[in-house]
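Chemist: Have a look at this one before I ask anything.
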């Protein structure tokens, strides 16, 4: 067919416009005409069809267009390598890269960026060294990609910074912007600030946006907002990325009113329907507004014209951060897939967080299986770390360790998750051994590591070791203790019965003790029956959390235990006067992939009669081997209790009902996992120890503080929780 210059030019312009606008419909129509030879076959045009399909996420079409190119050139290969890397198929991208007859700098940059997206630091560094050895010119794109690939290795980022300065690359805005971003993500805000202010005239919009985000990440929201105002004053263009950065700053300030006002400005400017800005708004409301904020997040979500994967992930994350909405997170995850979005690493991290709150063994396996089927690479550390947390929070410490042991690469988060899992399950010694392995592996601990380690020391009574770790954190690793570390130390001393030392510790804190510290001290006082100190701790908590029932309930329990009925009545009267209500005890267990919920003294479960009959028979067997009901947990004065009232109350606590249902509904020898919304009561704790011995079962109970692993009449908590 004869071809005229105007026909080729028109066709080319339409194709380039389709690529720029990601217009798949027009692009496919043009491709059909191209195949019918309306214009002559051309490597140039074929390359742009590959590029179009890649940008539109149609890898199969991109592959077909590439292999139909008669004479592929280096650009052809670069585009298809990028397409496979973008689709998380980095191994195929590498195979295609190796087939390039004469790769250029762009080829290397493309694959290095692919390795960065895949978090394959080592492979990116090896490729960079090969590139330099073969004499290829390194440019700003090379270094920017390499810095991103080293996002988990601050030591390598520092080395690259030295290389960029010595090589003159510090004059590239893109390189400096990458350093600002990844220094911040690596926890080095000071270095990020130094790079930003050292750029002077090189600073562009990306530089300002990156620095605003950095301040937000480090809870320096006021500085972020000041920088935003300075950016406007200096005449820089404000775009959707800037606005999202400001939302991040407002989120770090927990500034709900300011965020709502900013939302109003976004609506006036017409940015609220943008996916990037919308994602920032959803994140803001979910973090600053709690459960109520999620209603605002849902409204924002509904207004976004075309929610992309990031928006869906943010919505799922918001639900998962609010435990009561975990079911909604799972529903959104499924809905996202139904409309055609394929979950990525972030999707799985968010949904596993929600499933952790639900403690559903069947969902653990489903999510893990789906991650494998979705071709999420086995070396994705973030997904594996999330699976470790999912398994141990669902009571399955063995599978958590199975995932940990098979990870091709471990980082600080991996060790933190596993150490925390051991600590919460009462396996303090194993947690400390793992911490030592972490040090031997050359991975530096962080503040979260020490929270887990100190918690492990508390659970296994290693007071001296705990104090040593606390000192090491400050002196060796230069980590300043935060409120959570002090709370762990108070818990450690309190568990060991060193209440005066714990009180001195709380009084010597460099800042005002928070509710977690006083709650830890109150729990220790309850264990060791120190009424005077308990009253002080409870009163402090009542001031800090005036509507929380926990300090009132714990103090009332202690008064009841000491037979101080008037004081107990006074606490209860105070609760009624302030309209503070204790949450009803609620426990649930999953049997045959179905969740069964039990509430204390509630008869709504369809099998409650059979459960009570089974429990009565179990109680008879337990009493024969030494179980005695601890009636003080009934919280009823002896002279006011009717015959059998105390036994009736204690016998129908939700955790006992859930365990009884599990025993009668599952095979002999099968492990049970029960979740309770409140702290397990002393009598139930003792009763379940006997139930585990009589039934010959391992019973795991997760309350609102920790895990209790009952086996052969003993509990992993050592009877202190």
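One-based numbering along the chain as shown.
Including glycine, each Cβ sits where the backbone N, Cα and C put it.
Found this in Swiss-Prot, in case it helps:
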type   : residues : note
REPEAT : 73-103   : repeat 'PPR 2'
REPEAT : 104-138  : repeat 'PPR 3'
REPEAT : 139-169  : repeat 'PPR 4'
REPEAT : 172-202  : repeat 'PPR 5'
REPEAT : 204-238  : repeat 'PPR 6'
REPEAT : 239-273  : repeat 'PPR 7'
REPEAT : 308-343  : repeat 'PPR 9'
REPEAT : 344-378  : repeat 'PPR 10'
REPEAT : 380-410  : repeat 'PPR 11'
REPEAT : 411-445  : repeat 'PPR 12'
REPEAT : 446-476  : repeat 'PPR 13'
REPEAT : 482-512  : repeat 'PPR 14'
REGION : 517-592  : region 'Type E motif'
REGION : 593-623  : region 'Type E(+) motif'
REGION : 624-721  : region 'Type DYW motif'
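Distances, neighbours, how buried they are, the whole picture for these features please.
Modeler: This prediction places the mean pLDDT of the repeat 'PPR 2' (73-103) at 92.
For the repeat 'PPR 3' (104-138), the number of residues in each DSSP class (helix H, G, I; strand E, B; coil) is 26 helix, 0 strand, 9 coil.
Proximity of distant same-chain residues to the repeat 'PPR 4' (139-169), defined by a Cβ-Cβ separation under 8 Å and at least 6 residues beyond the stretch ends, is recorded for 105-106, 108-109, 112-113, 115-117, 119-121, 124-125, 128, 131, 175, 177-179, 182-183, 185-188, 191, 195, 381, 411.
Counting residues 6+ beyond its ends, the repeat 'PPR 5' (172-202) has Cβ neighbours under 8 Å at 140-141, 143-144, 147-148, 150-152, 154, 157-158, 161, 164, 210-211, 213-215, 217-218, 220, 446 in the same chain.
Under DSSP, residues within the repeat 'PPR 6' (204-238) fall into helix, strand and coil as 26 helix, 0 strand, 9 coil.
Taking Cβ pairs closer than 8 Å, the repeat 'PPR 7' (239-273) reaches residues 205-206, 208-209, 212-213, 215-222, 224-225, 228, 231, 279-281, 283-285, 287-289, 293, 300, 303-305 in its own chain, all 6 or more past its ends.
Within the same chain, residues 275-276, 278-279, 282-283, 285-287, 290-291, 293-294, 297-298, 301, 350-351, 353-355, 357-358, 363, 370, 374 sit at least 6 positions outside the repeat 'PPR 9' (308-343) and bring their C-beta atoms closer than 8 Å to a C-beta of that stretch.
Broken down by DSSP into helix, strand and coil, the repeat 'PPR 10' (344-378) contains 27 helix, 0 strand, 8 coil.
Here the repeat 'PPR 11' (380-410) has Cβ contacts under 8 Å with residues 118-119, 152, 345-346, 348-349, 352-353, 355-357, 359-361, 364, 367-368, 371, 417-418, 420-422, 424-425, 427, 441, 443, 671, 673, 700, 702, 707 of the same chain, all six or more residues outside its ends.
Residues 152, 381-382, 384-385, 388-389, 391-393, 397, 400-401, 404, 451-453, 455-462, 465, 473, 477, 479, 706-709, 715-718 of the same chain lie 6+ residues outside the repeat 'PPR 12' (411-445) yet bring a C-beta within less than 8 angstroms of a C-beta in it.
Assigned with DSSP, the residues of the region 'Type E motif' (517-592) fall into helix, strand and coil as follows: 51 helix, 6 strand, 19 coil.
Residues in the region 'Type E(+) motif' (593-623) partition by DSSP class (helix H, G, I; strand E, B; coil) as 16 helix, 6 strand, 9 coil.
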Chemist: Would you kindly list the residues that approach the repeat 'PPR 10' (344-378) from elsewhere in its chain, counting only those six or more residues past its ends and only Cβ-Cβ distances under 8 Å?
Modeler: 88-90, 118, 309-310, 312-313, 316-317, 319-321, 323, 326-327, 329-330, 333, 336, 384-387, 389-391, 393-396, 399, 406, 408, 590, 593, 595, 673, 675, 702
Chemist: Where DSSP helix means H, G or I and strand means E or B, what are the helix, strand and coil counts for the repeat 'PPR 14' (482-512)?
Modeler: 22 helix, 0 strand, 9 coil
Chemist: Restricting to the same chain and to residues at least six past its boundaries, which positions have a Cβ under 8 Å from a Cβ of the repeat 'PPR 13' (446-476)?
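Modeler: Counting only partners 6 or more residues beyond its ends, the repeat 'PPR 13' (446-476) has Cβ contacts under 8 Å with 187, 412-413, 415-416, 419-420, 422-424, 426-429, 431-432, 435, 438, 482, 484-485, 488-489, 491-493, 495-496, 498, 706, 717-718.
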